[in-house]
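Enquirer: Handing you this structure, nothing more for now.
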Amino acid sequence: MAEGETESPRPKKRGPYISSVTSQSVNVVIRGVVLFFIGVFLALVLNLLQIQRNVTLFPPDVITSIFSSAWWVPPCCGTASAVIGLLYPCIDRHLGEPHKFKREWSSVMRCVAVFVGINHASAKVDFDNNFQFSLTLAALSVGLWWTFDRSRSGFGLGVGIAFLATVVTQLLVYNGVYQYTSPDFLYVRSWLPCIFFAGGITMGNIGRQLAMYECKVIAEKSHQE
């Protein structure tokens, strides 16, 4: 090599641990964003279903309802969906119980369809009393968990999410931040916990499936390296 010529410095390669940590953190952010937009979309769709029952804050006009004064509701639902979807696989790893029951996208899509169907039933089907209505929705929600989840952690998180979300919703209503147009507020309270439980199970399944896809991609990259 001639004098005066300097060897160009080679780019330093990151170690496998740093690369893995970086890719995992980026994937978590991506999963969170995907879950957020899924939650926003489902919140808008389910709100349009509930308009048929006239129990939401929004006026009957469909287009106006999406851009009503309660604009913060879909983003809040999206944020909650992201937290729930990231929490489920995290709890599975912490407990050392990876969820392997019906781990394919077709099952997840059926779970979403059943969840929307439960919401549609709460908006369309009339019952003689609120207790009968609550019992039916509870059976449907537990059936959704049994069909698409069957994990103890999933059931426990679903119950916790339903309780916490119901309490927060009632506090918002009592403080005048949010309100329902339905004259029968007992009717609204009869289906809220069941809908929140089913929603938690649904978003948990989506989050688990996204996490499993991430693990497959990372495993394939590690084998290639």
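Placement of Cβ uses the backbone N, Cα and C atoms for every residue, glycine included.
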Enquirer: For which of the residue intervals 9-15, 219-225 does Swiss-Prot record motif 'KxHxx'?
Expert: 219-225
Enquirer: Quick one: does Swiss-Prot have Asp92 and Val177 on the same side of the membrane?
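Expert: In Swiss-Prot, Asp92 is across the membrane from Val177.
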Enquirer: Given pairs 6 or more apart, does the transmembrane segment (29-51) have at least three Cβ pairs under 8 Å with the transmembrane segment (154-175)?
Expert: no
Enquirer: Would you mind listing the long-range same-chain contacts of the transmembrane segment (154-175), meaning Cβ under 8 Å and 6+ residues beyond its ends?
Expert: 80, 84, 87-88, 91, 99, 145, 185, 189, 192-194, 196-201, 204
Enquirer: Is it the case that the transmembrane segment (104-126) and the transmembrane segment (190-207) have 3 or more CB pairs under 8 Å, with pairs at least 6 apart in sequence?
Expert: yes
Enquirer: In the same chain, who gets a Cβ under 8 Å from the transmembrane segment (71-88) while lying at least 6 residues past its ends?
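Expert: Contacts of the transmembrane segment (71-88) (Cβ under 8 Å, skipping residues fewer than 6 from its ends): 28, 31-33, 35-40, 42-44, 47, 57, 99, 153-154, 157, 161, 165, 178, 199-200, 203-208, 210.
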Enquirer: Quick test of the contact rule: Cβ under 8 Å, at least six residues beyond the ends. What residues does that give for the transmembrane segment (190-207)?
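Expert: Residues 31, 35, 38-39, 42, 81, 84-89, 107-108, 111-112, 114-115, 118-119, 122, 130-131, 133-134, 137-138, 140-141, 144-145, 148-149, 154, 157-159, 161-163, 165-166, 169.
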